[in-house]
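A short write-up of the structure that comes next.
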C-alpha cells in the first residue's frame, strides 16, 4: 500500500489569566506564530550575550478560545479520518497547571466545557449510528502510567486499590499494545461517558485518608491544587465492517487521547516526600520523551530508544509511525513562567519535524475473499476455454460432472475391463478422478463377491473355539489343503486373511461331511446365540432410547410455547401480515435497481462520447496547427477555407456535443429518480421493520390477560402503546422525568447522554464517599454505636 509522509501538527493553547504578560508574549496576525521578548538583566553587566528574543512557528495558536473552537481546530478532522481507517493521536504537553487536563477531559459540571475526549466519543458514536453502508463497533480503554507502573483505570479494582492483572507493553507485527488492559465495547454515548466518569471517581487515597474525585493520582503543590501525578491514555478503537458484500475490506483504527503529567521545577513547586518522588518520575519520563522526539526529527539517527520508559514504549506507534499525530502545547501567559513556556514551545517545534506515514488499516474480510476467489475461478475457466478453442478442443468443460457423464465413464471402464476397448477418453482432471473412483468401486465389488463365495463353500470357525479347531484338524489333510490353495479361485488379500483368522475346512469325504455338518451346526448355534444376544442388546438400547424420548416431546412443547427467534418470525411476518408491505418494498427495490442499471449505462456512454470528443478535438487542433504552418486560404468574403475532412470532424463533434447534452440531461433525471426511489425503499424498509416489531411484541411478548384488550373489539388499537408500557400499564414516573429533563437541559438532546452519565457517576461517588465516612466512623466505636443504634418507638420502650 502506498504511504504518504505527513508532518506532526503542533498547536499552542494559552491558559486564560488576568496577569497575561503582553509585553513579553506576542501573537502573529495569522494566529500561527508566537514571539517572546525578555529584557536583559542589568545586574549581569554590559557584556551579556544571553538570547532575549524567540520566534516560534506553529500550526495554530489558541488564545481565549472556547472548548468548541479547540475541538474543531485540533481534533475534528483527525477523528473523521479515524472513521475512514487512519490511526490518530492527540497529546497535551506542558508545565503543571497549564490546562492540559481541562483541554483533554474538560469539566463534568457544564456540558459546554467538556473536553476533547467526550467530544470525540460523541462524534464517533454519532457517525456509527448514522452510518448506513457499514456496521461500526466502538471500544474504549483507559491506561494510567504512574511512577513507571501501568494501571488500568477501567478494570475491577480490589479493596487495596490495585488491580489483580499485571499489565505489560508488548511489541507485535501490528504495533504496540498493552497486554492485560481491559477493553470495553460501547454502543451508546452514555455508556462510554459512564466509563469515563467512573474512571474519574471512587478511588480511596490512603495517604490523605479520603476518597478523591478521580481515579487518576493527583496531589497539591504551590503551583496547582489538583496536579496530575501520572500520564493517562484514553483509547477509542473503531472497527468498520461493511454491510453489503463489496470489494472494500474491513478497516480498523484507533484514537489515542493522551494527557501527560506536567513538567515541574522543584524550586517553584516546593515538593517534598511522596510528591517529590512523583515529580522525579514525571520529569524523567518527559526527558526520555524529548530524547525520542530529538531522535525522530534527525534523519541520520538509525536507532530510536523507545524502551527507555513505559511512556515512550507505549507511544511507539503514535510518534513517527502509522498515525496522524497532533500535539497541543499548553502554556501559561504569566511572565514568571516564561522559561517553562519557552521549553514547551521548543518541544512543539521539534515535534513538527517528525514525519509519520499514516495508512488505512485494512483487514481482508472472509466474504470479500470468497467473492475474489470466485471471480478468479471464473476468470481461469474462461482462460482455459480460450486455450482449448485455440487447439480445437471445444468440447472440454471444467464444471462438475453430470450424471450422464458419470454413467458414460462407467460404461467405458466396463468395456475396458472386458477388453472391448483399449483406451478411455479423458479430457480433464475431473474425468481422471472419476475413472479411478470407478476402478475402486469394481475392486471393492469383486472383494465382496469373493468373500461371499468363500462363505458359501466353507465353514468359518472362530479361532478362539479350540474344540472346533481340534475337530477340524483331525479331518483335515494335505490334499484338502492343496485343494484350498489350488482351487483356481482368485481370493483377495482381505478375504484370504479373514479366512486364515477364522480357519477354513473343506468338504471332501462323508465322515468329514458329518464333522463338517456338526461344526456348521455348532457355528450356526453359536451364531444364533450371538444373534439372540445382539437382539437383546439392541432391544435394551431401544428401551434406553425410548425412555428419554418422552421428555424430548415435553421439551418440544416447551419450545413451541416460547417465542420464536426474530429472523424466523420475520420470514413468517413477510408471508402473512406484512405480505403487502413486503410486495411494495420488493417492487420499489426492483425499480431502484433498474434505474441504477440504466444510470450506469448512460454514464458509461457519456464517458465514451467524452473520450471520442477529446480525440476529435485533438485531431482538429493538429489540423489547425498544420494549416497555420502552411498558410490559411480565405475566400472572397474573408472566411477561412477548410478541407472536407476537417469539416466532417467539426460536424461530427457538433453532433456528439448535442447527443452528450441530451444524455447528460437524462443522467440528471435518472439521478433524481434514483434519489426518490431510494427514499421510498428506505421508507418501506423502516415501515416493514416497525410493523414487524409491533406484530412480534403483540403476538409473542404480551401476556394473555392483556391480549384481550388488544383485540379488534378492544379499547386499544394495536401499535398505539409501546410494548414496555403495555407490559406495565401504570403511570411511569421515569418517563415524565426524562421528558422534563429534555425540556430543561441546555443543548438537549445532544447533552442528554452527558448529563445522564454525570448523574450516575455522582450517585456512585456519593455512595462511595458515604462508605468512606462510615469507614472513618468505625474507628470511633462509641460514635458509630450511637449513630447506628436503632430508635425504638415509645410503645416499645414501655413494653420493655
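Each Cβ is built from the backbone N, Cα and C atoms, and glycine gets one as well.
Checked against TrEMBL, the range among 479-523, 524-568, 569-613 recorded as region 'Disordered' is 524-568. Per TrEMBL, the range carrying the annotation coiled coil out of 384-421, 422-459, 650-687 is 650-687.
In this structure, of the binding-site residues 94, 97, 99, the smallest number of CB atoms within 10 A of the CB marks 99. If you look at the coiled coil (650-687), the same-chain residues 6 or more away from its ends with a CB under 8 A from one of its CBs are 581, 584-585, 588-589, 591-592, 595-596, 598-599, 602-603, 605-606, 609-610, 612-613, 616-617, 620, 642. Around the Cβ of residue 98 (ATP binding site), 27 further Cβ atoms fall within 10 Å across all displayed protein chains. The 10 Å shell around the Cβ of residue 100 (ATP binding site) contains 27 further Cβ atoms across the protein chains shown.
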